[in-house]
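Undergrad: From TrEMBL, here are the annotated features:
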- 38-48: compositional bias 'Basic residues' (COMPBIAS)
- 270-373: domain 'Ig-like' (DOMAIN)
- 22-60: region 'Disordered' (REGION)
Amino acid sequence: QNEWLLQRITFPPFILLVIGQPSKGKRPKEPGENKIKPVNKKVKPKTPKMKERESADSSLKSQSILTQVMDKGRFQKLAATLSLSAGQSLELRCKGSNVTWNYPSYLDTFKDSRLSIKQLDRYGQLILANSTAADTGEYSCWLQLCNGNKCRKDETKTGSTYIFFTDKEELFVPTPSYFEIVYLNPDKPAVIPCRVTTPSAKVTLHREFPAEEIETDGTDIIYDVKKGFVYQHPTSDHKGIVYCKAESHGAPQISIKYHLLYVEVPKGPPSATIAASSNRAEVSDRVHVICTALGEPDVDVNFRWQYPGQESERPVIIQNFWRLINRGTGHTIRISKSILLVEDFEARDAGNYICIAQNLQGETTVATTVELN
């Protein structure tokens, strides 16, 4: 009886212990793993939604080859925007053996010696020393794919960042002039480019006359810290003189003035005319031929000439200039002129004078004749 009682006491814990152990062929459960799982059911692993993955990948892809060199040889991948204090030096690197850079255009205009660009074996290098508020803008790079003399941009390997060089004395990015013209075309947005050096600055738009603040409703007029104020649908009511005001932990600052001109000129090749000072000339006369083209105020017109003494390399003087004309009701046009001058008229100068006026939409050819008396 004692032995039977001992077995009743001893064996149940032993049996419970055996049941609690994993059977052969089954792996031990990991901590935190579900204790009950359906038998023979395939569980599909969860994956991130494609839209989220693609958007993350695309943002990383656009920044993948551009880095900033920090102190002590550290590197930092760049976000869409970066704020640095004016006076700091900047070094950017772009991975690749054939890198092209883009940066604020005025650095090229003035051939600024503070800017240095080099191409090394494995990366392109951009160094900007002693930065100023005027250096604020977009800095980007991309790889060139070349086949012989033809090269194209590799869209999959690019990098871009917008850098603010903050300066409390210069809240607005400095410009070379104190007055700018902004053309208001009814078929495209117009930008008043009062960009700031401090992204947190509060910026407002103001009309000079009548003196008032222009409401930025976020629909028809929006503010973009990288561009300025954008008129989405310009009209003749928007014309006039405006300026911007910025505030950031101190006295407000005023931008330069912008003259908004409303434009409504049919798009197309220039409308050109040609006239000579005289269609008959004596030997040794001074003769000039004027080619005049009318067009959109913000579209350049290029002139080419064909004249009788051209093949014999007859020396002539050609001068080009243009001006804006307000035709009333808010309409502004651009008058471009090219003047060809013959100082001492000779027999070889007699004949047809042909002017070709060209813009982005096409070209117009006009001609006149000058004869020798």
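Residue numbering: from 1, along the chain as shown.
Using N, Cα and C of the backbone, Cβ positions are placed for all residues, glycine too.
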Undergrad: What is the average pLDDT across the domain 'Ig-like' (270-373)?
TA: 89
Undergrad: Could you give the number of helix, strand and coil residues in the domain 'Ig-like' (270-373) as assigned by DSSP?
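TA: For the domain 'Ig-like' (270-373), the helix, strand and coil counts are 3 helix, 63 strand, 38 coil.
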